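Structure first, then comments.
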Amino acid sequence: MRSVTLTQFLIEQQRAGRITADLRLLIEVVARAVKAISVNISKGALAGVLGEAGTDNVQGEAQKKLDVIANEILLQANEWGGHLAAMASEEVETVHQIPFDYPKGGFLLLFDPLDGSSNIDVNISVGTIFSVLRNPPGEAEPTEGSFLQPGREQVAAGYAVYGPSTQFVLTVGKGVHAFTLDREMGSFIYTQPYMTIPADTHEFAINTSNARFWEAPLKRYVDEMVQGKAGPLGKDYNMRWVASMVADVHRILTRGGVFMYPMDEKCRHQGGKLRLMYEANPMAMLVEQAGGAATTGRERILDVQPVRLHQRVPVILGSKNEVERVSGYHREP
Ligand code: AHM
Ligand code: MG
């Protein structure tokens, strides 16, 4: 069978009128950057890229060397193409402007360059997450305010998962499509069209070490799942937690499940653990496009009006019936 590359897929999307030439270029450039990140990650200890960088990021978290490398690769790759008005990164405090000697375009690109970076030194999957918004008209020099659009305004979103193979997973608002990196050829090959999340599942993902900090509706839901067949849900569940959101969401897009990083007493002061603009919104768009649902427990994630670039939110996403059940528990008095 003749294989279809990401390039060919994108050209066909453009011909079908789903994306513009500029958006195609943007996605191609992100995919190229992802290949470079993948090369660095796979060299691991051989390239001396493991361990701490000795710096803190905007969130006050210690940066790994690969956090810094992945961030630099994405910023540099996307600066000169002429398709972007500005960028924002989980690793950078303020808006990253396009250098004045390059042309500007109409899109805003947001990314978490290396998600799950606590897994790097133990050789477990990590990822890159990205989100694309339109720059509001008339904003020649985008500010933080230009980025503060609800997730339903995203024109594209996706991630790369650096696992046993590197995969690039993308939506432009018409289904979710996965591509696998052919390392010899250096191209992404279209391997999974229209990924779909089954409405029901018997698998959940949550960091249960936080159980004592959860809110009552969440405690009730996880208790019921753990009770299995004998409990009110009437079936046995299995649990998985990679601690790389990309890897956990990739499993859910592949075979269903529910992923939760809910509100808890430990992260209440900052609004949640995961970042709205770099993690929750792009993953919520992908999950909805695959037939699943994504909520904070109280509100659809894609409807949350952001007030800060680095805002955090509770996240519950995956198989629709489970997400609806846990949302229902949040509505009960
Ligand atoms: P990061 O972007 O700093 O790597 O943090 C986000 C990660 C997610 O990938 C993952 O779901 C979560 O943090 C794991 O958190 P915990 O270590 O509390 O289980
Ligand atoms: Mg992250």
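Glycine is no exception: its Cβ is also placed from the backbone N, Cα and C atoms.
Here TrEMBL flags GLU90, ASP112, LEU114 as Mg(2+) 1 binding site. In the three-state DSSP scheme, ASP112 (Mg(2+) 1 binding site) falls into the strand class.
What TrEMBL records for ASP112, ASP115, GLU279 is Mg(2+) 2 binding site. Within 10 Å of the Cβ of ASP115 (Mg(2+) 2 binding site) there are 29 other Cβ atoms, across all protein chains.
Under the heading substrate binding site, TrEMBL lists ASP115, GLY116, SER117, SER118, ASN207, LYS273. The Cβ of LYS273 (substrate binding site) lies under 8 Å from the Cβ of TYR261, ASP264, CYS267, ARG312, PRO314, VAL315, each of which sits 6+ residues away along the same chain. LYS273 (substrate binding site) falls within neither a helix nor a strand when secondary structure is assigned with DSSP, and so counts as coil.
Per TrEMBL, domain 'Fructose-1-6-bisphosphatase class I N-terminal' is recorded for 5-192.
Per TrEMBL, domain 'Fructose-1-6-bisphosphatase class 1 C-terminal' is recorded for 197-329.
A Cα-Cα distance of 16 Å separates GLU279 (Mg(2+) 2 binding site) from SER118 (substrate binding site). Using the Cβ center of GLU90, ASP112, LEU114 for Mg(2+) 1, the list of other same-chain residues with Cβ within 8 Å runs, in sequence order, ASP67, ALA70, ASN71, SER89, GLU91, PHE111, PRO113, ASP115, SER117, THR128, ILE129, TYR278, GLU279. In sequence order, GLU90, PHE111, GLY116, GLY127, THR128, ILE129, TYR159, MET245, VAL246, LEU274, ARG275, TYR278 are the same-chain residues whose CB sits within 8 A of the CB centroid of ASP112, ASP115, GLU279, the residues recorded for Mg(2+) 2 being left out. There are 22 other CB atoms within 10 A of the CB of SER117 (substrate binding site), with all protein chains counted. Among the binding-site residues LEU114, SER118, ASN207, no residue is identified whose Cβ is positioned under 6 Å from ligand 2.
In this entry, substrate is bound by ASP115, GLY116, SER117, SER118, ASN207, LYS273, whose most widely separated C-alpha atoms sit 16 angstrom apart.
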